[in-house]
Amino acid sequence: MIIGCHLSTGQGFARAVQNAGRLGADAFQYFPKNPRSYRLKPVDREEAARGAEAARAAGVVTVAHSAYVTNLSTGDPKLRETTIASIVNELELCEALGTRWLIVHCGKHLGEGEAVGVRRMVETIDEVMTRYQGPCRLLLENTAGQGSELGRTVDELLAIREALASHQRVGFCLDSCHAFASGLLEPGGWERFIQEVTRPEFARQLEVIHLNDSKAGPGEHVDRHALLGRGQMGELLQELVHHPLLQARPVIIETPVEHEDQYADEIRLARRWAARAGT
Ligand SMILES: [Zn+2]
Ligand SMILES: [Zn+2]
């Protein structure tokens, strides 16, 4: 299992690579720029090349997460342009750092209806991928279905991807906490969940896993992560860690630790769960 956690790159990307090694992580996720801002960040090619080389030398897989502030389904033309520029900038930063994937949250329709929300999201992503032609891939993450969030179910995610002109450069990220909170994975529903997420058209495009427990209950549509084994997912989370789906893709933990060092315990626990199944 390739497993790691979300780390700060505040002290530089190369330092984050070192921290990953110290925590026993063979992968980590980072924000390519300030996650609470649309502001663009210039690409420092030299520094990025040093960071990319550090990750490569250490054998650490890196995954990037897009800013939270963006709504891919916004109907405001100015905000849409800002959003597109922000994501293109993130893709360029990722590419410079040798990262293959940028994870984005699905859009929010804000009361205008799912059809409108999906159409705008598709147009926005296609525009991003027209402006960015590099090798970095965009991954759509399943949501908890909080408020008017799109992308709760496998069918919804597939429909969004299939509508994209740029679909060949777009894949999926599956978050366990969001799956639980959205009702995709519920107590007693393990078999149905696995049937859904292993559908070939989805599994083939599933490139990264987010491993989080959930503070909210099943189907409550609230996105609140919990430490592994401390939330409401119980056995379901351990079951998921055993599953072959998690053995071939980077697994990233984004649980509410008090300090990054605590991720060492989270990673150790996940590895222990995985080992119990003999993987
Ligand atoms: Zn996530
Ligand atoms: Zn979340």
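Even glycines carry a Cβ here, placed using N, Cα and C.
The domain 'Xylose isomerase-like TIM barrel' feature in TrEMBL is assigned to 18-272.
Marked as Zn(2+) 1 binding site by TrEMBL: H65, H105, E141. H105 (Zn(2+) 1 binding site) falls within a strand when secondary structure is assigned with DSSP. All chains included, 23 other C-beta atoms sit within 10 angstroms of the C-beta of H105 (Zn(2+) 1 binding site).
Residues or ranges marked as Zn(2+) 2 binding site by TrEMBL: E141, D175, H210, E254. DSSP assigns E141 (Zn(2+) 1 binding site) to a strand in the three-state reduction. Under a cutoff of 8 A between CB atoms, and with a sequence separation of 6+ in the same chain, the neighbours of E141 (Zn(2+) 1 binding site) are I103, V104, H105, C106, G151, F172, C173, L174, D175, H178, H210.
Here D223 (Zn(2+) 3 binding site) comes close to T143, A144, Q146, C177, H178, A181, A216: these same-chain residues lie at least six apart in sequence, with C-beta atoms under 8 angstroms from its C-beta. The Zn(2+) 3 binding site annotation in TrEMBL covers H178, D223, H225.
For H210 (Zn(2+) 2 binding site), the Cβ neighbour count at a 10 Å cut-off comes to 25, with all displayed protein chains included.
What surrounds the Zn(2+) 3 site, by Cβ distance within 8 Å of the Cβ centroid and not counting H178, D223, H225, is the set A144, D175, C177, A181, N212, S214, A216, V222, R224 from the same chain. The DSSP secondary structure for E254 (Zn(2+) 2 binding site) is coil. Of all the binding-site residues listed (H178, H225), H178 sits in the most crowded Cβ setting, with the most other Cβ atoms within 10 Å. A Cβ distance below 6 Å to any atom of ligand 1 is met, among the binding-site residues H65, D175, H210, by D175, H210.
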